[in-house]
Amino acid sequence: MRSPFPPPRTTTPAMSVTMGPVCRGLVAAAAVAFAVIVAAAVAPALALQKPERHFGCPLGKNVCIYPVDTVALQCESLFDFQVELHVLANQSVATPVTKELAITLTLPSGKAITPAKLWGGTPEYRTWSLQAFKDMSDENPTGYDAYAATWRNVFVPRAAGKGSFTVRVHARGVTTTVAYDIREPTRRQAKNVVLLIGDGMSLPLMTAARLVSRGMYQGKYKDTLHMQALDHVALMSTSGIDSIITDSANSASTFMTGHKSSVSALGVYADSGDDVFAHPKQELITEYVKKRMGMSVGVVTTAEVQDATPASAWAHVRQRAEKAAITAQAINGCLNCVKAVVPDVLMGGGGMFFLPNNSVDGSNMYENYTTKGYTVTHTKDQMIAAAKDPATKRLLTITHAANMEVWLDRNRYKDNMDVPENDPLGGGVAPTEQPNLDEMTMAAIDVLSRNDEGFFLLVEAASIDKSAHPLDIPRALSDLLELDNTVAKVIAWATAHGDNTLVMATADHAHGFDVFGTVDTHLWGDAVAASPSKPVRDQDNYCAAVTDNEGREFPSSFAAGNTSARAANVARRGAIGTYAKAGYPDYADSDGDGFPDTWDVRTTLASGMNNFPDHTTSYTVSRSLKVPATAVDEVFVNTDDDDPNGLFQSGNLPPSGSTGVHTLQDVGVFASGPGSERVRGILDNTAVYHIMASALGLGMDGEDR
């Protein structure tokens, strides 16, 4: 059984250095500080509040119950109910484990009932072993055996009423109780729902995007983003069961199910077992509306279609990395799933997982999708033509082997698309005809809107996140603006087609970004002389030269031929303007397309993330996606040629961290259309599901349809 915690960490120096007198004192002091840090890390982390056995299991108890405590359940929606008994390893346990468990369900009416009476049938039994760590420094974990009973695909009927639903489990002298809130269904208000997710779209990123695209005059923004003009706004928290910091799988899955989960999980609760396909499942809103209401379902992304956010619309798997299986699950379903979603429209990248050498069973998944009735396309023109053809019932558009290029590279630096290895068909033809997000979204709506029963469409601007991770701010902002333009087109379509579409735009999580001033790039350029052969290095800030253990010398860079790198570093910082010296940046949108005319301006934003590996930054646009750090003996250090004229930033992430990570901030939720009035105040991310479910009338058994 894999541990829920990483093993105790060990450190291996990336290199030893021979230093001149100038460096020795500084590095010696750093070494002492490092030794203190390591000693503190090795000491037992008694203050860490970690679970005794597994996240989601109540502390001090011997069972785990799924769904977990405090869940809000939509009546009539399916879920797997699981009780998991943990005993010390090698103890005898009755078979089946239900003989050890006294389970009482108390309905909102107060009536007590057993799972057999409420749901009938026989549970599925599983057993496995696990190790429990007290904290991340625990070198002597405790061994347990786990015995689980799982009632698959059960639900709380509408007749049970609304209110508190409690579960009481008594096992081996210990009683564990959890409570659920059963939500009362509401009459259907919306025919369609469009959920647009800006992956990693923190509020400060939105603010910066507004500044560079709309501009400012006399201290006032000239306009809002389209998202910010929607009728209702709220703030939303994003944490998961296992961590204060979520990933895209856990958070998007929460939108689709109304259930929290754990990092990397899609459509399941993460129990303590390691069979990634056996964890207790949560019904997706896409499954409900397709099966029970006859609606169409579409998924559009600029990432791989198997990536966490798009896959949340159909996948049930503990690990998001199971991309071959996720590709197949879209049309074939999964073990113990009631019915495959079979999205009517699926668009994005990820072509490599459709090819036989990467598919789950060695088959050609493009052919499998064709057999399921899909029209398969690989370019923008093919996609648009197929979407307009009334004969197209299902549409699959895959335009890249992996993640699609970001907006800047699709529209400004187009040479970056000229990579034959990115051919979605694996034939060595560069995918230079990739559509933009708004084009994909409107093509999807063309197909989906032919269904009189309505549609559910998930749209993801994936590369806000995929650019923010490598600290490429211009690319993150451009993809955010691409999403904003897409929101405007969706709203225009909804207005022209009956105002019966709930449109919601939000983020799954944040990145720790903000703006603190501006940078005069001309002054910056005058202050530094560096190149890939003489890049800016950490040592340059303090040392004349450093020699590694292989005898390679790292000379410092010089400005104007005779100024030390330390002085050049200070000179670069002199190009940064704060407060009154910041003024305004030079971005302009003269053609009104929602994007700056150029990202290569003289006065740019002084901005950055609050977490990062070793890297350099000059606050300017890069001609290709940034690669801030490179591995050297499993430790990530500044990439020499990524931004050679940049200011060095010493990393504040674990040494194995190659890019920035997600952060805790609340994110925005913006909505218009029927049901959008529920978007207000401070929300938990589970509320997104319930807002959509209420707007569509889930649980109403077809009334008002």
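Every residue, even glycine, has its Cβ placed from backbone N, Cα and C.
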Same Zn(2+) site per TrEMBL - residue from ASP199, ASP223, ASP231 joining ASP465, HIS469, ASP508, HIS509, HIS662
ASP199
Between the recorded positions ASP199, SER248, HIS469, HIS509, which lies closest to GLU460 (Mg(2+) binding site), Cα to Cα?
ASP199
In angstrom units, rounded to an integer, how far apart are the Cα atoms of SER248 (active site, phosphoserine intermediate) and ASP199 (Zn(2+) binding site)?
7
Taking DSSP as the reference, which of helix, strand or coil describes GLU460 (Mg(2+) binding site)?
strand
Please give me the CB contact count at 10 A for ASP465 (Zn(2+) binding site), counting all chains in the structure.
29
When DSSP is mapped onto helix/strand/coil, what comes out for ASP307 (Mg(2+) binding site)?
coil
In chain order, residues whose C-beta lies under 8 angstroms from the C-beta of HIS469 (Zn(2+) binding site), counting only those at least six residues away in the same chain, are GLY200, HIS511, THR659, GLY660, VAL661
Round to the nearest Å and give the CA-to-CA distance linking HIS662 (Zn(2+) binding site) with THR309 (Mg(2+) binding site).
15
Any same-chain residues 6+ apart from THR309 (Mg(2+) binding site) with CB under 8 Å of its CB? Would you list them in sequence order, or say none?
ILE197, ASP199, SER248, ALA249, ALA252, THR301, ALA303, LEU458, GLU460, ALA462, ASP508
